[in-house]
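For reference, the structure is listed below as structure tokens.
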Amino acid sequence: MPIKFGLILYFGTASMVANAALVFAPLLISGLVSSYQFSESEAVFVIATELLASAFSAVPALWWVSKISWRGVSIVSLLALVLINLISTLLVDFTYIAILRGIGGFFSGTLLILYMVVIATLPDTERIFSGKLVVQLLFSALGMALLPLVITRFGVDGVYFILAVLGLLLMGPTNAIPSNAYASVNKQCNGAASSSVLYFPRNNILILIALFVFAMGTSIMWSALVPMGEYEGISLADTGWVLSAATVSSIFGGFLSTLAGTRYGRAAPISIGLFMGAGGAILLMFSSTNVGYFLLGSCLICISRVVTIPYLVGLMSVFNQFGRLAILSHVALATGMAFGSYVVSLLMTHVSLYWLPILTLLCMVITALVLVSLKRPVAAEHIKLPKTLSASFKR
């Protein structure tokens, strides 16, 4: 099946802008500390609040996913993000910043939900999702290299201004987003399945748990790389190189996943990803003053994330009915990432950072156990969507 490069490029760029709180978490935390004199725990709290607010956007999404224009949702959300990022450059108070970034997180989550829903309806979900991650990571690598210079000269306000400009540019190609695919499906059914908003069989619940736990485990380590490097006695310059190398390794892993698609099934890539995550956590346990262990462990954690999540999303798409499981999958990912950041904030204040790799390792083990408990799906659980949706992207 040919790869839809235009679709992948748009989703990757837009996801990077919408997901900046996670993608650039280490730099934003550092920028909030240096620009606004926040404590590290306050800076982490702001990022975690933005991620958690992203999850709450699922509540209205359960309604609008089959009711209103997806294209309209995309335009309104992008416009809101542009305004919020511009207003963020004018504020310095911790409370106001946290509240505003939380509101921004809500609209970011709406965009990410929309992209998850659309991708889950397309054939070859894993390949498209992996390709989106590759594009997102390419921009992330560029950001990791350039944003420290922006923060040094303009403060974290410079980052928010750049995100506002990118959001404005992304409003142009929104005609690539289809109006709505699920509305026509809902009219064809008798109403029983579509009216049961929270109808999910056992497998669906297990998939949501796996997404939540895995996202929390990887978020713990990603949010803690800079403070953990300081805790381990590794210089800030070396930590910066580690962040860049980890991002590059993520691009490599995502590129391989994009090429592979479902050629080797889902079980093998997911297993490899979980083993990488567990191995990275173990290396980070013993990385004290050892830059090599710190580098390799960080790279393995990042590769694990970009290899495992696309295949978990592909697994989710098998059971996705009327977009609601896709919405709750975003909730699972967003809340998992937010809880991971909150755990880092808590342990930085009250407990040793040494426990963070142990928690990540535990999350990998729990994810594996949950996935082993899945039952083989039957064909009736997967509802086929109209072909008009795929036709919307042949431009």
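Here the Cβ of each residue, glycine as well, is placed from N, Cα and C on the backbone.
Curation does not apply to TrEMBL; its annotations are automatic.
Listed in TrEMBL:
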DOMAIN    203-395  domain 'Major facilitator superfamily (MFS) profile'
TRANSMEM  7-31  transmembrane segment
TRANSMEM  43-65  transmembrane segment
TRANSMEM  72-92  transmembrane segment
TRANSMEM  98-121  transmembrane segment
TRANSMEM  133-152  transmembrane segment
TRANSMEM  158-177  transmembrane segment
TRANSMEM  205-228  transmembrane segment
TRANSMEM  240-260  transmembrane segment
TRANSMEM  267-286  transmembrane segment
TRANSMEM  292-313  transmembrane segment
TRANSMEM  325-348  transmembrane segment
TRANSMEM  354-374  transmembrane segment
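Across 7-31, 98-121, 158-177, 205-228, 292-313, the stretch most heavily in contact with the transmembrane segment (240-260), judged by Cβ pairs under 8 Å, is 292-313. Below 8 angstroms of C-beta separation, residues 22, 25-26, 29-30, 40, 44, 47, 51, 236, 239, 242-243, 246, 274, 277, 280-281, 284, 298, 301-302, 304-305, 308-309, 312, 315-316, 319, 325, 328-329, 331-341, 343-344, 348, 353, 356-357, 359-364, 366-367, 370-371, 373-374 of the same chain, each at least six residues beyond the ends of the transmembrane segment (205-228), sit close to that stretch. Within the chain carrying the transmembrane segment (98-121), a Cβ under 8 angstroms from the stretch's Cβ atoms is held by residues 11, 14-15, 18-21, 45-47, 49-58, 60-61, 65, 70, 73-74, 77-78, 80-81, 84-85, 87-88, 91, 128-129, 132, 177-178, 181, 313, 316-317, 320, 323, 325-327, 329-330, 334, 385, 389, all 6 or more beyond its ends. Within its own chain, the transmembrane segment (354-374) is flanked in space by residues 203, 206-207, 209-210, 213-214, 216-218, 220-221, 224, 228, 231, 270-271, 274, 277-278, 280-282, 284-285, 297, 301, 304, 315, 343-344, 347, which lie at least six positions past its ends and keep a Cβ under 8 Å from the stretch. Between the transmembrane segment (325-348) and the transmembrane segment (43-65), three or more CB pairs separated by 6 or more residues in sequence fall under 8 Å, so the two stretches touch.
In this chain, the transmembrane segment (7-31) lies apart from the transmembrane segment (267-286): fewer than three C-beta pairs between them fall below 8 angstroms, excluding pairs fewer than 6 positions apart. Over the domain 'Major facilitator superfamily (MFS) profile' (203-395) the predicted model carries a mean pLDDT of 76. Beyond the transmembrane segment (158-177), the same-chain residues lying 6 or more positions past its ends with a Cβ under 8 Å from any Cβ of the stretch are 6-7, 10, 13-14, 17, 20, 24, 27-28, 31, 70-71, 74-75, 78-79, 81-83, 85-86, 88-89, 114, 118, 147, 150-151, 392-393, 395. Tertiary neighbourhood of the transmembrane segment (43-65): same-chain residues 21-22, 25, 28-30, 32-33, 73, 94, 97-98, 101-110, 112-114, 117, 182, 197, 219, 223, 322-324, 327-328, 330-331, 334-335, 337-338, 341-342, 344-345, 348, selected by CB-CB distance under 8 Å and a gap of 6+ residues from either end.
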